[in-house]
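J.: The transmembrane segment annotation in TrEMBL covers 25-47, 54-76, 119-138, 143-164, 184-202, 214-234, 277-295, 301-322, 334-356, 393-422. Summarising the annotation, TrEMBL assigns domain 'Ammonium transporter AmtB-like' to 25-444.
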Amino acid sequence: MSFKLPPNLVSNDASPEWMSKGDNAWQLTAATLVGLQSVPGLVILYGSIVKKKWAVNSCFMALFAFAAVLVCWVGWGYQMSFGSDPFLPILGRPGFATLRAEYLVEKAFAGKFPNATMVFFQFVFAAITLILVAGALLGRMNFYAWMVFVPVWLTCSYTVGAYSIWCPTGWLAKKGIIDYSGGYVIHLSSGIAGFTAAYWVGPRESKDRERFPPNNILLMLLGAGLLWMGWTGFNGGDPYMASRDASLAVLNTHVCAATSLLTWLMLDIMFFEKPSVIGATQGMITGLVCITPAAGVVQGWAAIIMGLLSGSIPWFTMMVVHKKVSLLKEIDDTMAVFHTHAVAGSLGGILTGIFAEPRLNRIFYDITDGWQHYIGFAYGIKTGRPGAGLHQLWIQVLGILFVMAWNVVVTSLICIAIGIVIPLRLSDEELEIGDEEVHGESAYALWGDGEKFETSKRNSALGFDEFSAKEGSNFR
């Protein structure tokens, strides 16, 4: 008796045998969720958490980075991060394969979907990394310098971290580092790079540093909500399949985030006697960051412990250590990305080295041999292999040291080089006025404000003919 497959399961040129329609659909969905974390998620969050006069500039820094990274990513960034042709032990060979259709429709290096899906999925991670870097620089960086910084930093820094840790031929990947979904590649690197760039750019205007109230906390919560829910795709998409490991990663992600939020909130109440919604948002972010390197390779109870620690240790570094260490006080990190991403990302990487479950690693890496060396220290003790557990913990620490060192050096060199040609910091006049001086636009044009907006020389809303008639310009 012959068995005939349903028409939708029969392979053809559009759906070859190696491709799983379900996995491909989930991977594209997960990528879109991560993209929504940036646009509109972080665009809204940045635009609402800053002073009114910096709302447009903050939104635009995020929006520009998203667009610029995509063009660079398909041009050369993806091949440098995940290309099959090694260029250096820390970098793939630049190439333009991602611009050719014959390459994009072939099977990706992992998963059961085409290269086009993988390119898009990895792009949204690269984009959000640059947007997180921007968080440390809001309220004073020259937008033209930012336009140069984004492609250069993506090329010289992000690609090195991604290749070293995520590409199968990367040196840290070969050593067995566990970074499930970007605790190192995205959060640690963006936290260190943002903090380093903040040093070179310089601080905000003094009165902005002293008082920088959000212009719309309700919109801030909307952006934060998109960021939280988008993490379903952030961590759920990294098994590269719609698997049970993806389900575990999603649940662990939200459990850790909720626990961290509640922990941060309780600490705020205990020490400041007020439940702060901004503090709760920071606790949510540190929980999401901390669980990212471990999401699908730890037990649920470990996710709760990680939430407790991610809601308390970054809180302590931000509220106590920050005020006592002169370097931390001097560097103006607008969104505190050092604490919410560098500290929380490092914490997550170390805790991964403690709580990583060997059997879950076998499922995640989809391997039958060699998975035993992916073992957290706690399970090393449990199974009588403490040496193996300590080795894994050392690899996690080695990854932290590498990412930190690389980003401090490379980000510094990039900022110094750009600063020779373009001022990194806005002028005093631009810092005083904000969006209307920098962009000729205002986030909230209340009644009567529009008159100033319409006659701005720096605004492109009016055509040249109308501008010429009003100002006597020679443009026709």
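Cβ coordinates are placed from backbone N, Cα and C, and glycine is handled just like the others.
Can you walk me through where each of these features ends up in the structure?
T.: Nonlocal intrachain contacts for the transmembrane segment (25-47), taken as residues 6+ away from its ends with a CB within less than 8 angstroms of a stretch CB, comprise 55-56, 58-59, 61-63, 66, 111, 113, 117-118, 120-121, 123-125, 127-128, 131-132, 134-135, 138, 219-220, 222-224, 226-227, 229-234, 236-237, 240-242, 246, 335, 443.
Here the transmembrane segment (54-76) has Cβ contacts under 8 Å with residues 35, 38-39, 42-44, 46-48, 94-96, 98-99, 119, 122-123, 126-127, 130-131, 134, 137-139, 141, 143, 146-147, 150-151, 154-155, 208, 215, 434-435, 438-439, 441-444 of the same chain, all six or more residues outside its ends.
Long-range contacts of the transmembrane segment (119-138) within the same chain, counting only residues at least 6 positions beyond its ends with a Cβ under 8 Å from a Cβ of the stretch, are 27-28, 30-31, 34-35, 37-38, 42, 46, 50, 54, 57-58, 61-62, 65-66, 68-70, 73-74, 77-78, 81-82, 98, 104, 146, 150, 153-154, 158, 162, 182, 185-187, 189-191, 193-195, 197-198, 201, 234, 237, 333-335, 337-338, 341.
Sequence-remote contacts of a segment are chain residues at least 6 beyond its ends whose Cβ falls under 8 Å from one of its Cβ atoms, and for the transmembrane segment (214-234) they are 29-34, 36-37, 40-52, 55, 125, 181-182, 250, 253-254, 257, 277-278, 281, 284-285, 288, 292, 443-444.
Counting residues 6+ beyond its ends, the transmembrane segment (334-356) has Cβ neighbours under 8 Å at 46, 49-50, 132-133, 135-139, 178-180, 183-184, 186-188, 190-192, 194-195, 198, 204, 212, 282, 285-287, 289-294, 297-299, 302, 305-306, 309-310, 313-314, 317-318, 322, 328, 374-379, 389, 392-397, 399-400, 404 in the same chain.
Sequence-distant neighbours of the transmembrane segment (393-422) (same chain, 6+ residues past either end, Cβ-Cβ under 8 Å): 142, 144-145, 148-149, 152-153, 156-157, 160-161, 164-165, 172, 175-179, 184-185, 188-189, 192-193, 196-197, 200-201, 342, 346, 349-350, 352-354, 376-377.
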